[in-house]
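Sequence annotations record features per position, and here TrEMBL assigns domain 'Aldehyde dehydrogenase' to 14-429. Under the heading active site, TrEMBL lists 223, 257.
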């Protein structure tokens, strides 16, 4: 649902971006977003609106991505409901000033650390989890006291319109603004000197966001992706491991930044692992509607090129964008190993020896999954294979915990959010020391005479 401003200026992205930024800035300077009461009320209104539009949310995700209802409910509706409940319940504690020690030479004094909002925040969201990845950072930004301009992805238009509707029902018009548009609008928004930039998406656009933030000398968070590995030690229970990997790889048809991008197994066991993964995909996806659609024909054709003609477990349906899962016996030179797959393709690589040494030079992914009972193997993987987060003996379970930070490392992104970590990300620590108009314990003005000797004795 476009507001009047969006309707009148849809063809002038520079004007839309400038006007939206100015409105957000004025609202922040007027302290519309900062009172704790306002934040609590806004979070409750958003929660109520989300719950009132549960069916609309599920329908929008079906329209945009053909998401199975169960996946949409869990990963978008339920996730956001839990996020909102946690933020509302914990906000007063998160925002409470924290007492800090004051050294003797500034006494008498009291020091506290306050969490202050950055000011105006820009959130650029992706299409693959269009509601979760728009509204979860928004929840953190609102809890921290910012005003926000949010641009959802144009590749999920039904979800974007629903986001605009939820925001309209929940916030003052200048507190949160949703702008609908495509790449020119995103570029125009990056030209505005927001106080904080938050981006979820691919590395190429992430670099542009980082450059814009640097140009404005403003902080930013990048939530990117990369090739997330599954590392399997010798002698693992094959059926259970395959089930857990396919659980997450099949979710949203592999269009998840945390999805397993490839699996490395002991070379002598590779054929058995390929057969087991293929059988599990075949068992699960007899009904094509149980697998989400690929977002558009360009991504569909890209996935076909990556497979080099390797057949799927069933037929592909390009007209409905249903791409049949593939399990590939591959090596590091395979096309599917040259970029993030973002689809239901699972390369299986083998390693010799006791550890996959070939992974050490690779860029740090957003997540890694390590299956092992061997403490030495686990310790080495944690030490030698850095990543944004790790799950041991399952896939990406750390990212489902609102009490843990979520984010990448290096080319998979930087900065953390979720729960308290999101509140901290969208705010900054402001130290405040208060002194009283009482005689100082120390004076540091000349003449110094023998004061250094006294200070050395006291400040030992």
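Keep in mind that glycine also has a Cβ here, set from the backbone N, Cα and C atoms.
TrEMBL does not curate its annotations; it predicts them automatically.
In the structure as shown, the Cβ atom of residue 257 (active site) sits within 10 Å of 28 other Cβ atoms. The separation of residue 257 (active site) from residue 223 (active site), Cα to Cα, is 9 Å. In this view, residue 223 (active site) is surrounded by 25 other Cβ atoms within 10 Å of its Cβ, with every protein chain counted. For the recorded site, residue 223 (active site), the DSSP three-state label reads strand. DSSP assigns residue 257 (active site) to coil in the three-state reduction, placing it in neither a helix nor a strand. Confidence over the domain 'Aldehyde dehydrogenase' (14-429), given as mean pLDDT on the 0 to 100 scale, stands at 96.
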